[in-house]
Amino acid sequence: MVLLAMGLVIYLATSKYGNIRLGEGKPEYSTLSWLFMFICAGLGSSTLYWGVAEWAYYYQTPGLNIAPRSQQALEFSVPYSFFHWGISAWATYTLASLIMAYHFHVRKNKGLSLSGIIAAITGVRPQGPWGKLVDLMFLIATVGALTISLVVTAATFTRGLSALTGLPDNFTVQAFVILLSGGIFCLSSWIGINNGLQRLSKMVGWGAFLLPLLVLIVGPTEFITNSIINAIGLTTQNFLQMSLFTDPLGDGSFTRNWTVFYWLWWISYTPGVAMFVTRVSRGRKIKEVIWGLILGSTVGCWFFFGVMESYAIHQFINGVINVPQVLETLGGETAVQQVLMSLPAGKLFLAAYLGVMIIFLASHMDAVAYTMAATSTRNLQEGDDPDRGLRLFWCVVITLIPLSILFTGASLETMKTTVVLTALPFLVILLVKVGGFIRWLKQDYADIPAHQVEHYLPQTPVEALEKTPVLPAGTVFKGDN
């Protein structure tokens, strides 16, 4: 499914359909702000954790039947991060986003919700039992996916805060961190996208760029650069094998625990990301959305992961920090803290990292709250936003539910299993949406010459009905008897 999504969006970007404009008028946001909001909507703050520590998991339990803890396992650890956070994942987001944006901005269908688009494609009533079930599944899956980001972020943040200030690393401090972040994104949600989320996303985007840039400058620059180039080469060379690796001669644990989990995690987020991308992409062309999401977001992820993981690997192979051992004995949060503290002016780097993390968490939860409020709003039209009170309600909900899960002490594996189970129905839903999208494109643009596509707006069924003349009663047509 992920490979099919990638193939389809690349075809759309390079064909005449790429020039279809999603709504009338000029884009509402600058390209940079637009890309930053993509990143905040599509990535959780736990990205900052995985961006430092994920390679160590792959080093200990690698894919492709590579020997654990070998030189080859170390060499493939960064490429696997690039693979899981790269083009395939963002292509899935892109496809779902294009379908929703076309439904809302081109076809002018009402309702920025999953049930709304399913209703437009299949004819089921969005307020009927099937429509309500679809929206309920979306809300449950979104909370489940968000929980992993929030719990991992809280644990990483409090471990780093403890190293900086001496505060205890316990549930009370973790709860305070979550509530603090909740307060920030509640305020941002109340202010609105233009003055709230847009500003937070800019702070996150610049912070997530400047932090690894400084690490690249003050760290082992040559090693990091060579590591990134090598990882890009290995990812490109082995992309198809990584995508289709099922481990038929082994137990399949790597594929199941990592690749399948990641694909389903991304898929569980697709409805929410699609709603948010639709909201901020009015006036953009289809190919702009495709290249912005696939290339812009992938390059951003690869730069952060490439620099931070390569620095951690350098510290490991030079005997400064045994990151895999720390990961096993003290946990990934401690491994992240020790890697950052090993930098020159390590405390400043750790403080900056934690600052970016808390703002990242707030901006991501703000975007999620917006999509959940949009799902709960009937007949939302182009240019409208969900009610502020409804947005605040969902802000509170997505703060308290993960907080309760954190209190129970659920393991990461348990949360990953929950994500997999709740995401499975969205595979079917995504296939239904893809079928409807292809049908719409054929109906609306198949006969339109390529040079006219950009300025052509198809007539919606509602517009066609409004333009149908209403004849007086008793009108007799020629040939009637």
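Using the three backbone atoms N, Cα and C, a Cβ is placed for every residue, glycine included.
If you look up Swiss-Prot, you'll see 32-52 (among others) marked as transmembrane segment.
For the transmembrane segment (82-102), the list of distant contacts is 1-3, 5-6, 8-10, 12, 20, 22-23, 42, 47, 50, 54, 112, 117, 231-232, 235, 239, 242-243, 258-259, 262-263, 266-267, 269-271, 273-275, 277-278, 281, 286, 289-290, 293-294, 297-298, 301-302, 305-306, 430, 433-434, 436-437, 440-441: same-chain residues at least six beyond its ends, Cβ to Cβ under 8 Å. Here Swiss-Prot flags 82-102 (among others) as transmembrane segment.
Same-chain residues lying 6 or more positions outside the transmembrane segment (137-157) and placing a CB less than 8 Å from one of its CB atoms are 44-46, 48-49, 113-114, 174, 177-178, 265, 268-269, 271-272, 331-333, 336-337, 354, 357-358, 360-361, 364-365, 368, 371-372, 375, 397-398, 401-402, 405-406, 410, 412, 415-416, 418-419, 422-423, 425-426. Annotation comment: Swiss-Prot describes 137-157 (among others) as transmembrane segment.
Packing against the transmembrane segment (173-193) from elsewhere in the chain are residues 37, 150, 153-155, 157-158, 161-162, 167, 199-200, 279-280, 358-359, 361-363, 365-366, 369-370, 385, 388, 391-392, 395-396, 399, 402-403, 406-407: each is 6 or more residues past its ends and has a CB under 8 Å from a CB in it. Annotation comment: Swiss-Prot describes 173-193 (among others) as transmembrane segment, evidence class sequence analysis.
Residues 32, 35-36, 39-40, 48, 300, 303-304, 306-308, 310-311, 314, 343-345, 349, 352-353, 355-356, 359-360, 363 of the same chain sit 6 or more residues outside the transmembrane segment (204-224) yet have a Cβ under 8 Å from a Cβ within it. Summarising the annotation, Swiss-Prot assigns transmembrane segment to 204-224 (among others).
Residues or ranges marked as transmembrane segment in Swiss-Prot (evidence: sequence analysis): 258-278 (among others).
Within its own chain, the transmembrane segment (289-309) has Cβ neighbours under 8 Å at 9-10, 12-13, 18, 22, 31, 34-35, 38-39, 42-43, 47-48, 50-52, 54-55, 77-78, 81-82, 85-87, 90-91, 93-94, 97-98, 101, 205, 208-209, 211-213, 215-216, 219, 224, 227-228, 231-232, 277, 281, 339, counting only residues six or more beyond its boundaries. Taken from Swiss-Prot, the feature transmembrane segment applies to 289-309 (among others), supported by sequence analysis.
Sequence-remote contacts of a segment are chain residues at least 6 beyond its ends whose Cβ falls under 8 Å from one of its Cβ atoms, and for the transmembrane segment (348-368) they are 37, 40-41, 43-45, 47-48, 142, 146, 149-150, 153, 156-157, 160-161, 163-164, 177, 180-182, 184-185, 188-189, 196-197, 200-201, 203-204, 207-208, 211, 214-215, 272, 276, 337, 340-341, 394-395, 398-399. Annotation comment: Swiss-Prot describes 348-368 (among others) as transmembrane segment, evidence class sequence analysis.
Summarising the annotation, Swiss-Prot assigns transmembrane segment to 392-412 (among others).
Feature annotation from Swiss-Prot assigns transmembrane segment to 418-438 (among others).
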Cβ pairs under 8 Å between the transmembrane segment (418-438) and the transmembrane segment (32-52), at least three: no
The transmembrane segment (258-278) vs the transmembrane segment (32-52): 3 or more CB pairs under 8 Å: yes
